[in-house]
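Notes follow once the structure below has been shown.
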Amino acid sequence: MSQVLWFRRDLRIEDNAILSNAKGKVLPIFIFDKNILKSLSKDDMRVSFIYKSVLGLKEKLKNIGLDLAIFFDEPVNVFKKLVEKGFDEVLCSVDFDSYAKTRDEKIEEIIPMRRFLDSFILNPNDHLKKDGTPYKVFTPFYNSLKLITSSNNIEELKRNETLQKSIFDYDFIPSLKQMNFEEQELPDFLELEAYELLKQFKEKINDYKVQRDYIYVNATSNISVHLRFGLISPKQVFNYFKSFNDENSEFFIREIFWREFYNYILVHYPYSEHSNFNNIELSWNENEDDFNKWCEGKTGIPIIDAAMIHLNKTGTMHNRLRMIVASFLTKNLFIDWKKGEKYFASKLLDYEASSNIGGWQWGASTGADASPYFRIFNPYLQSKKFDKDAIFIKSVLPQLKDLDAKLFHIENGASSNLFVDYPKSMVDISLSRKQAIEKFKRAKNEH
Ligand SMILES: Cc1cc2nc3c(=O)[nH]c(=O)nc-3n(C[C@H](O)[C@H](O)[C@H](O)COP(=O)(O)OP(=O)(O)OC[C@H]3O[C@@H](n4cnc5c(N)ncnc54)[C@H](O)[C@@H]3O)c2cc1C
């Protein structure tokens, strides 16, 4: 029996299910999947990050006597060749994404696959309400997990130390250029290892509950990208903070379970990837110019524009800003959340289908446990509250740096200054809010 260990979104050697369950001679592999890469732009930052992480994984595997064979191909082609070479089983972690599910079905026609769950703490299929149906609301879902959340440690998987490296050509490493990508400069926090990030965050965790909403403060963990690509497991994050045994850690751990919750929802309700979770029907605004202004940060509303320009430049966006721009797109512009979701998917370094869909459906008031449709963020009040001195806004829109911060928190405040080049608001905030509430009310009544 020669096993292939297919690393996908679990680019680590600790608490790794495939390194724990494998036996004997193994071939660890990573595939730069042409099917995925062909749809990405040359300057996609995620590819630079994954590339760096895959090379890092190769080094770590070498340090424990193994290695990593790297391919640039379609997975089907890779496995056809590996079967010819005598490999007869694939071990990998479960990937719940819809592309991954169809891809795996095709691979299973070529070679048997054994999948393990280690990208999430909870297996969604193992946890239902007493009546046998899945949870739909976060708080009862979270409370029902007390057995897990009240424990001080969730057992991590130990690596099988007797594994041996299969004989193979491990030398091939495609360059980013060969794969048609350009190396991108990454935000500083992505230069750090996952545990270094957690250690830094530990110093700030006492302020997390209060500070995490302030857009200009770096008060959160920044761990989402590492979690997304499995450079650390959610179990390891849980155990690290549990070891401090304090209230602030508990609050942070609860946030980690939002990620579990949205994955749980998507697994149980896969239709919510493409449709409103609550099944209401809305006739959205199809105007492409409106949508493009939002994407490019040309709405005339400083907090929205700063958030979108920052996303386009860095691939990152603060959680509070994600909520504000999602509310603005779906309620004030009345544009379908799916368009916003798709745009985020193309830009976010931490893009994770389940969290992104969950976050968007929450913002659009169409999702599981969503915000009520009549509670619509006013972007001016949000910036007044969470970026009072316009520190974040001015850092992204330097042409406005000399304006009085108060102007950013009133409609058309910034554009009223004739000495700066800044557009008027593309939409009347209170009128569009009223119209959205009417549309939602009608859709709910018709439902
Ligand atoms: C419209 C919208 C889209 C989003 N898209 C994504 C996405 O594609 N990928 C993604 O990882 N998160 C997404 N989120 C959730 C959240 O914004 C990010 O997880 C968070 O900003 C990442 O920064 P952090 O690691 O510093 O967070 P912290 O505040 O330090 O939280 C720690 C971890 O908890 C989890 N978490 C916290 N809040 C949430 C949440 N609301 N939903 C799900 N998980 C959460 C994340 O894994 C996060 O890394 C989205 C939220 C919204 C409103």
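Using N, Cα and C of the backbone, Cβ positions are placed for all residues, glycine too.
A quick note: this is a predicted structure, and the numbers were derived from the prediction, not measured.
According to TrEMBL, the features are:
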DOMAIN    1-128  domain 'Photolyase/cryptochrome alpha/beta'
BINDING   Y208, 220-224, F252, 255-262  FAD binding site
SITE      W284  site 'Electron transfer via tryptophanyl radical'
SITE      W337  site 'Electron transfer via tryptophanyl radical'
SITE      W360  site 'Electron transfer via tryptophanyl radical'
Separation of alpha carbons, W337 (site 'Electron transfer via tryptophanyl radical') and W258 (FAD binding site) (Å):
19
For the domain 'Photolyase/cryptochrome alpha/beta' (1-128), residues assigned helix / strand / coil by DSSP:
52 helix, 28 strand, 48 coil
Starting from the Cβ of Y262 (FAD binding site), draw a 10 Å sphere and report how many other Cβ atoms land inside it.
25
Just how many other Cβ atoms lie inside 10 Å of the Cβ on I223 (FAD binding site)?
21
Which same-chain residues, if any, lie at least 6 apart from W284 (site 'Electron transfer via tryptophanyl radical') yet have Cβ under 8 Å of it:
F334, I335, D336
Less than 6 Å between Cβ and the nearest atom of ligand 1 is the rule; apply it to the recorded positions Y208, E260, W284, W337.
none
Helix, strand or coil: which one is Y208 (FAD binding site) in, per DSSP?
helix
Of the binding-site residues listed as Y208, I223, F252, I256, the one whose CA lies nearest the CA of W360 (site 'Electron transfer via tryptophanyl radical'):
I256
Residues near W337 (site 'Electron transfer via tryptophanyl radical') in space but at least six apart in sequence (CB under 8 A):
A326, L329, T330, W360, Q361, G363, A364, T366
Site with most surrounding Cβ atoms, counting all protein chains shown within 10 Å, from the recorded positions Y208, W258, W360:
W360
Intrachain C-beta neighbours of E260 (FAD binding site), sequence separation six or more, cut-off 8 angstroms:
F120, I121, L122, P234
